[in-house]
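Q: My questions will all concern the structure given below.
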Amino acid sequence: MICPVIELAQQLIKRPSLSPSDAGCQEIMIQRLAAIGFTIEPMNFGDTLNFWAWRGEGETLAFAGHTDVVPTGDESHWHSPPFEPTIRDGMLYGRGAADMKGSLAAMIVAAERFVAAHPDHKGRLAFMITSDEEAKATNGTVKVVEALMARHERLDYCLVGEPSSTDRVGDIVKNGRRGSITANLRIHGVQGHVAYPHLADNPVHRAMPALNELVATQWDEGNAFFPATSMQIANLQAGTGSNNVIPGEFYVQFNFRFSTELTDSLIKQRVAALLDRHQLDYTLEWVLSGQPFLTAKGALVDAVVNAVKHYTEITPQLLTTGGTSDGRFIALMGAQVVELGPVNATIHKVNECVSAADLQLLSRMYQKIMEQLIA
């Protein structure tokens, strides 16, 4: 008899939910949750499907995740079609197997088992699901959180099912994430002929000392939970394509992944002061993708660590490394936020896969977390 977690994961993987498409995944989840007494509230925005579901009342534990997946790449490089889930050598293959339809299946089955064992559970169990995490992330969790905050919805704990693990399920738990802010800098000069530089003003030449200082700056030293803030230049653009024209404008895009030692406003101030010292003529636009968040300790971290230890006999590392996740939006509700999911070695790659046994373990861990917090 096939494991219910694997069976549900396969149903979800069959749906080609390329972001922000949901392709019917949420309807499968909604039917399962409604069958065990959850109230379902669709919260759709633009081209994005979201839902908020809950059962019970009081102290609230939510499970969060996304049904959308990234593009498959060249399908001829896959050993089996990416939307035809296949099990080989104990591994479940398919786009979204690890990121994160396997986690979604583990969550749903954990909820079914939990409700069967604790039909009158004392707290509230909730689900926050979106189809817009992998692409723009503009009409997904961020909009749901805004709506929930506007009506003062309670959220105490949130478990995000992102693939956090490295070598074996549960070895890494993300108890926070760095913030992310991107600068779009345009340095203005005067276009001209390269043979007559005195009649032009080359913005690339003017910018180099400032960019050198930008790269050499140590923005902070990090702290016990976060590595030092990282600044990386991502894109440069100047010139007309001709070898005899001095460019009139120089575009530089750079990104900060910042710790709780900094704020976005402090980064903006320091960058502006640096550019002004170099007397540049510039315009600067900022895009804040997310603030850093940290769940240093508390009931949720304890419950997650206990659940992992119970089923694997390993003590997970608590880390804040990696990119951003929807946890950055959920943390704004004041909730404790932790990420626990399968091994991330193949996410976004050709032949994405996850251990079938790991998904079964993960579902048991999720159930154990529910039992510790809201049973």
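The backbone N, Cα and C atoms fix where each Cβ goes, and this holds for glycine too.
Take a look at what Swiss-Prot says about it:
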ACT_SITE  Asp68  active site
ACT_SITE  Glu133  active site, proton acceptor
BINDING   His66, Asp99, Glu162  Zn(2+) 1 binding site
BINDING   Asp99, Glu134, His348  Zn(2+) 2 binding site
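Show me how these features fit into the structure around them.
A: Taking the Cβ of Asp68 (active site) as reference, residues of its chain lying under 8 Å away and at least six apart in sequence are, in sequence order, Ser17, Leu18, Ser19, Pro20, Ser21, Asp22, Thr130, Ser131, Asp132, Glu133, Glu134, Ala135. In this structure, Asp68 (active site) belongs to neither helix nor strand by DSSP; it is coil.
When Cβ atoms from all protein chains are considered, those within 10 Å of Glu133 (active site, proton acceptor) total 26, not counting its own.
A sphere of 10 angstroms centred on the C-beta of His66 (Zn(2+) 1 binding site) encloses 32 other C-beta atoms.
Every protein chain considered, the tally of other Cβ atoms within 10 Å of the Cβ of Glu134 (Zn(2+) 2 binding site) stands at 22. According to DSSP, Glu134 (Zn(2+) 2 binding site) sits in a coil region rather than a helix or strand.
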Q: Would you list, in sequence order, the residues of this chain other than His66, Asp99, Glu162 that have their CB within 8 A of the centroid of the site's CB atoms, where the site is the one recorded for Zn(2+) 1?
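A: Apart from the listed residues, the neighbours are Gly65, Met100, Ser103, Glu133, Glu134, Val160, Gly161, Pro163, Ser325, Gly341, Ile347.
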Q: Relative to the mean position of the Cβ atoms of Asp99, Glu134, His348, the recorded Zn(2+) 2 site, which additional same-chain residues have Cβ within 8 Å?
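A: So the additional residues around the site are Val69, Val70, Gly96, Met100, Ile347.
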Q: Between Asp99 (Zn(2+) 1 binding site) and His348 (Zn(2+) 2 binding site), how far is it from one CA atom to the other, in Å?
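A: Here the two Cα atoms are 8 Å apart.
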